[in-house]
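Per Swiss-Prot, the features are as follows:
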REGION    1-23  region 'Disordered'
COMPBIAS  8-22  compositional bias 'Basic and acidic residues'
REPEAT    25-105  repeat 'Solcar 1'
TRANSMEM  31-51  transmembrane segment
TRANSMEM  82-102  transmembrane segment
TRANSMEM  112-132  transmembrane segment
REPEAT    112-202  repeat 'Solcar 2'
TRANSMEM  181-201  transmembrane segment
REPEAT    210-302  repeat 'Solcar 3'
TRANSMEM  215-235  transmembrane segment
TRANSMEM  269-290  transmembrane segment
Amino acid sequence: MGEQNHSPGKELQHRTRAEAPGKKSWHSQAYALGAVSNFMSTFLTFPIYKVVFRQQIHAMAVSEAVRQLWHEGPQYFYRGIYPPLLSKTLQGTLLFGTYDSLLCFLSPVGPHTLGHRWAAGLMSGVVEAVALSPFERVQNVLQDGRKQARFPSTFSILKEFNSYGLWGRLSLGYYRGFWPVLARNSLGSALYFSFKDPIQDGLAEQGLPHWVPALVSGSVNGTITCLVLYPLIVLVANMQSHIGWQNMPSLWASAQDVWNTRGRKLLLIYRGGSLVILRSSVTWGLTTAIHDFLQRKSHSRKELKTD
């Protein structure tokens, strides 16, 4: 397969992932690319995300969510963007780096089976959930329009969380809604990495331009994964929008509340799904394509140095 020009994606994957034991299983440029690409895609798709968030909280139509945001004023349209910008930048670093490290730990010399990719993706999702859940918590409070007066800034939210006791800071503050976050991130990462490479390899064999297989693979995987886990996304948004000591509903009570407010219909839980498809397609398509491009350039430079 190495000599076939129409299969560059697979050739690259063999060079990057089937490294010899004892060698580094990650590349600093790949980490940097994950950070930069996630930063850019988050900024570009944040308005879409905010509309989706309002739908998840208030179960309203797209037009009503847009009208509500516009009524609050353009100056608030990007309110709450700093936590996701920081968290997504860290996510890009953790997502690809941790996955590759775990994959090479599970199978140092390859080939990497579906089970290896699933396990490495699952564990990288756990790391991601532990590291980034506090950022998402602050972000969801900031984006809830009902709390703008009480919590106008990130600092005001952090001040509220730090006023709790140690256990309260974790369970009611920074890690509120952690269990559904853990399930969503671990399963989502496992699904994404399990099928990203097979789809990309299949498209690369069709003689398409280098960037197309990665873009399509990331878009398809991001869309399918997001739709499969969308009920968990809605549950997390609702749980993490609550703040304070009193009347803090449990995980089960929050799930029941989401189900009841959606009229006990699965279709209403998926309200906003069209925007989720668009946001996930753009975000994961760009992230995967840019990461693949940087990875390819990195290895091209290394080959020139060795020649």
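Just so you know, glycine gets a Cβ as well, placed from its N, Cα and C.
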Q) By a Cβ-Cβ criterion of under 8 Å, what residues six or more beyond either terminus of the transmembrane segment (112-132) are in contact with it? A) 17-18, 87, 90-91, 94-95, 98-100, 102-103, 106, 178, 181-182, 184-194, 197
Q | Residues in the repeat 'Solcar 1' (25-105) grouped by DSSP into helix, strand and remaining coil | A | 69 helix, 0 strand, 12 coil
